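Annotated features in Swiss-Prot:
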ACT_SITE  GLU126  active site, proton donor
BINDING   CYS12, CYS96, CYS197  [4Fe-4S] cluster binding site
BINDING   HIS41, HIS74, HIS124, SER225, SER226, ASN227, SER269  isopentenyl diphosphate binding site
BINDING   HIS41, HIS74, HIS124, THR167, SER225, SER226, ASN227, SER269  (2E)-4-hydroxy-3-methylbut-2-enyl diphosphate binding site
BINDING   HIS41, HIS74, HIS124, SER225, SER226, ASN227, SER269  dimethylallyl diphosphate binding site
Amino acid sequence: MQILLANPRGFCAGVDRAISIVENALAIYGAPIYVRHEVVHNRYVVDSLRQRGAIFIEQISEVPDGAILIFSAHGVSQAVRNEAKSRDLTVFDATCPLVTKVHMEVARASRRGEESILIGHAGHPEVEGTMGQYSNPEGGMYLVESPEDVWTLNVKNEGKLSFMTQTTLSVDDTSDVIDALRKRFPKIVGPRKDDICYATTNRQEAVRALAEQADVVLVVGSKNSSNSNRLAELAQRMGRTAFLIDDAADIQEAWVKDAACVGVTAGASAPDILVQNVIARLREFGGGEAVTLEGREENIVFEVPKELRVDVREVE
């Protein structure tokens, strides 16, 4: 059985930054550090940080006065941000800069009185945070998930309308929704480049290349990870059997026993150690040496806040 690895896969710059913010805060200030929502959607990462003293909460009211609070990589609404400001808290923002860019687009539309449409998944924390940047009662902020949603949407003024997208969507599905928006609202204005982030796009391209050769595709990522789910869906759409797994223990031998080639990738919030564990598990089932496919090089780095720019090893 051949083992192929997608390239790129795993951590993106936004996830790296968010995890570093929590790790550095723990090193500098000590436990406990409070984090609103899971800092990234990966069980292994969250459990690891929890063991080191991070406390994950959903409501600002759960945080005691004087504590350190970190916003997750998914971002928060202005209401949450203002609630935190009203408290005696030291706040660090781990929102991915590419999510912040979308927040700024929404806030700009709100100030101008333009109505805005967000393409995204209802209930996802990034969507809640992005929708929460809009505050103009004269306008409107709407969420659509599919072309069908677009055709049933009514707005106040089609002449002052813009759209944005969640950063972790399927490139193909989003393109279909954007096409529907432009047909229904010919004057709608969108970003110069859609808001789906480079890491999401690159990992979807890598899965396409992987699925062209693999019989079975294993996507390492947690069930609540939007970008990981999109990778599994894309492989399935290409006619491959695909499984979303948290770690190597999830793999059933029956999934791969008849496969000549198994492809492995990881969502943007999944650490490489989980991929290495999957490779080891597949080798127990008769897999050969893992081969990494050629792919797009990523060298983007997002800096942590200056107050947290320390060498954790020196602090420890």
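Start at 1 and count along the chain as shown; that gives each residue its number.
Glycine is treated like the rest: Cβ placed from N, Cα and C.
Swiss-Prot feature annotations superimposed on the structure.
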| residue | record | DSSP (3 states) |
| --- | --- | --- |
| CYS12 | [4Fe-4S] cluster binding site | coil |
| HIS41 | isopentenyl diphosphate binding site | coil |
| HIS74 | isopentenyl diphosphate binding site | coil |
| CYS96 | [4Fe-4S] cluster binding site | coil |
| HIS124 | isopentenyl diphosphate binding site | coil |
| THR167 | (2E)-4-hydroxy-3-methylbut-2-enyl diphosphate binding site | coil |
| CYS197 | [4Fe-4S] cluster binding site | coil |
| SER225 | isopentenyl diphosphate binding site | coil |
| SER269 | isopentenyl diphosphate binding site | coil |
Can you check which residues sit near HIS41 (isopentenyl diphosphate binding site), meaning Cβ under 8 Å from its Cβ, same chain, 6 or more apart in sequence, and list them in order?
HIS74, GLY221, SER222, ASN224, SER225, SER226, SER228, SER269
For HIS124 (isopentenyl diphosphate binding site), write down the residues of its own chain that are at least 6 apart in sequence and whose Cβ falls under 8 Å from its Cβ; none is a fine answer.
HIS74, GLN166, SER226
Between the C-alpha atoms of ASN227 (isopentenyl diphosphate binding site) and THR167 ((2E)-4-hydroxy-3-methylbut-2-enyl diphosphate binding site), the distance in angstrom, to the nearest integer, is 9
Including all protein chains displayed, how many Cβ atoms other than that of GLU126 (active site, proton donor) lie within 10 Å of its Cβ?
25
Out of CYS12, GLU126, CYS197, give those recorded positions positioned within 10 angstroms of THR167 ((2E)-4-hydroxy-3-methylbut-2-enyl diphosphate binding site), comparing C-alpha atoms, in sequence order.
GLU126, CYS197
Proximal but sequence-remote residues of the same chain as CYS12 ([4Fe-4S] cluster binding site) (Cβ under 8 Å, at least 6 apart):
CYS197, TYR198, ALA199, ALA268, GLU298, ILE300
I need the CA-to-CA distance for CYS96 ([4Fe-4S] cluster binding site) versus the residue listed as 'active site, proton donor', whole Å please.
10
Extra residues within 8 Å (Cβ to Cβ centroid of CYS12, CYS96, CYS197), [4Fe-4S] cluster
ALA13, GLY14, VAL15, ALA73, PRO97, LEU98, VAL99, THR167, THR168, TYR198, ALA199, THR200, ALA268
Largest CA-to-CA spread of dimethylallyl diphosphate binders HIS41, HIS74, HIS124, SER225, SER226, ASN227, SER269, angstrom
15
CB neighbours within 10 A of SER225 (isopentenyl diphosphate binding site), counting all protein chains shown, number 26
Could you say which of the binding-site residues THR167, SER226, ASN227, SER269 has its Cβ with the most other Cβ atoms inside 10 Å?
SER269
